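*Asks:* Okay, so TrEMBL annotates it like this:
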type	residues	note
SIGNAL	1-23	signal peptide
DOMAIN	117-155	domain 'EGF-like'
DISULFID	126-143	disulfide bond
DISULFID	145-154	disulfide bond
DOMAIN	200-311	domain 'C-type lectin'
């Protein structure tokens, strides 16, 4: 009998928390090692979340459904039926996600009320389309940023580097007027380091004097999640040749190649060739010339053997 009373008392503690949880500001506490568990729930009337279902049951009251969620470590929200069955029980759906992690699946629904764990993501802190991932135990969150954005709240746009060949550099002293770029994150926000760079659609470029085959140059760029330089129009070519490259450079690799060896030239970013600046008689494919260099004379392009060394 005493054991029964103890179990009942423990259940009463949990149930009391569920009863008063809407009025509390206590943090989320729920782990298998703790005797006392509680969750702060927020109510979303006539809404439902379509997410992975942990359990579906029919319970006498909605509070019993919330109690099930409190006791289940995998539950982060519930859909509770509005209309009871003939036996007066309502549908109870325990869900493994919440609306912030599955916002597109959260919809108005006249058949359910939705109850979710009170979340640090309620203020929608993640910017620029980032996804908020709540950390309930610490009342904190992480932002999963979209490509090209970074920062605690995805508030910063990444600045990237288009390279003639790639050599990693994150040092301020390495940044100068000829060190600008887009296409390869180096892990830091370089905007403050490029005070003298000319802005061209947020693209920055960097040039190094170091011989390398086309494939090795490509490999260096890929190690930075980047790509060899691409040119989409004559204006961009003029900017690079006048503002980035030194007055004399002989020749440099660019991010244009014929990977299928079928004269189907493509840029390293996957785009097709919509603008070209070939030298007279080029491309002529003399001996498996499937990569492209830019030569100093008029900054024209020449197809060349990929294994040959160029800066």
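Glycine residues also receive a Cβ, built from the backbone N, Cα and C atoms like all the rest.
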*Asks:* Taking the Cβ of each of the disulfide-bonded residues and counting other Cβ atoms inside 10 Å, which one has the highest number: 126, 145, 154?
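*Replies:* Its Cβ has the most other Cβ atoms within 10 Å: 126.
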*Asks:* Within the domain 'EGF-like' (117-155) only, compute the mean pLDDT.
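*Replies:* Summing pLDDT over the domain 'EGF-like' (117-155) and dividing by its length gives 87.
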